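Q: Here's a structure for you.
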Amino acid sequence: MVLCQGGGGDAAPAAGGKEPEVPPGREDGAGAVQPCLCPPPGVEAAGAEERRACGCCSGMSWPCCCEAPGTKKKAVCPGLGLFYTILSAFLFSVASLFLKKIEDIHSVEVSAFRCVFQMAFVLPGLIYYKTGFLGPKGKRIFLFFRGFLGSTAMVLLYYAYQVMPLADATVITFTSPVFTSLLAWIFLKEKYSLWDLLFTLFAITGVILIARPPFLFGSHVTGIEGSYTDHLKGTIAAIASTLSAASTIVILRKVGKSVHYFLSIWYYAVIGLIGCVIALFVLNEWRLPHCGRDRVFLILIGLLGLGGQVFLTKALQIEKAGPVSIMKTMDVVFAFILQVLFLNHLPTWWTVGGALCVVASSCGTAIRKWRHSMKKAKQREI
């Protein structure tokens, strides 16, 4: 057996009768080099009539499957990134449901517990993959801001979940693609067209329908969970969380696969825990749950939040941001279902209308960005 350079359906001798050069190997998600073994030139593999797709590299017929040096590696499964996104959306939605069920525990303390669980479960992965704890020197500043902005988004979102309806807070977070386009225009010098402006206006309209400010809807606002003051605070927190999350997505896409996703989550957990502990001392809000049920909910929130973060990070690493953003709209579907089934809170028509505006804006932005990236990729191929 020899190492093949690949590129064709059958192994062929190299030009000039020389042995094919040994490629330097390829890197998988964990950073390990795994060259692929193929039979020597002229030798047909046993059972060639039953060739199957290779899952290790380019997806060509096995066994001549190694991609040529310099070619782009294709995903093992075309829909794997989208499946990860749906699974992440479901885990985050269930975690937010448990958060609504917890009583008398500040959102910052819940965030601190989640960070502790993330650190505990990610640490063995860092040791196993030998990624280190700081990451590449050129990427540390990005990892720091990814951790800071991601943990800030988590705290603000948890606060919004506690003081306003679950579906309302979830819908507001789906203005993230609109803010992502705006931030990409500011920091990455990407084009911001009239379509982007239209989607932004749709998103703002959706948020207004959910927030229902009294100067537009009158002093008697119906369908609000709790007091309107808390509802307004939750709306502001959700919008700030969305801005932070949009910044995180821009950073994740810039870092890409150059940093293992476990290391990205490690920064998220460590920086988040430090920030939460400082905030708890300042606010004097630290208290252990007095109920066994709340303790179980805290553990489940930590586990589900960890799982959702892992799957979302993996999805962004193996799939384009456009399809991931579209598929994340399942968050809204899950939120509405869980709110009706377990919280006995029927959404108002204002919330439904706002959700349609925000989801349309989110999907429109994602589809436009996706098509633009595909067009650029085809132009590079030409």
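Cβ from N, Cα, C; glycine included.
Automated prediction, rather than curation, is the source of TrEMBL annotations.
What you are looking at is a predicted structure, and each value in this text was computed from that prediction instead of being measured.
Per TrEMBL, the features are:
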| type | residues | note |
| --- | --- | --- |
| COMPBIAS | 1-10 | compositional bias 'Gly residues' |
| DOMAIN | 80-211 | domain 'EamA' |
| DOMAIN | 233-363 | domain 'EamA' |
| REGION | 1-25 | region 'Disordered' |
| TRANSMEM | 81-99 | transmembrane segment |
| TRANSMEM | 111-129 | transmembrane segment |
| TRANSMEM | 141-161 | transmembrane segment |
| TRANSMEM | 167-188 | transmembrane segment |
| TRANSMEM | 195-215 | transmembrane segment |
| TRANSMEM | 235-253 | transmembrane segment |
| TRANSMEM | 265-283 | transmembrane segment |
| TRANSMEM | 295-312 | transmembrane segment |
| TRANSMEM | 324-343 | transmembrane segment |
| TRANSMEM | 349-367 | transmembrane segment |
Q: Helix, strand, coil residue numbers for the domain 'EamA' (233-363) per DSSP?
A: 111 helix, 0 strand, 20 coil
Q: Report the DSSP secondary-structure composition of the domain 'EamA' (80-211) as helix, strand and coil residue counts.
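A: Its residues fall into 110 helix, 0 strand, 22 coil.
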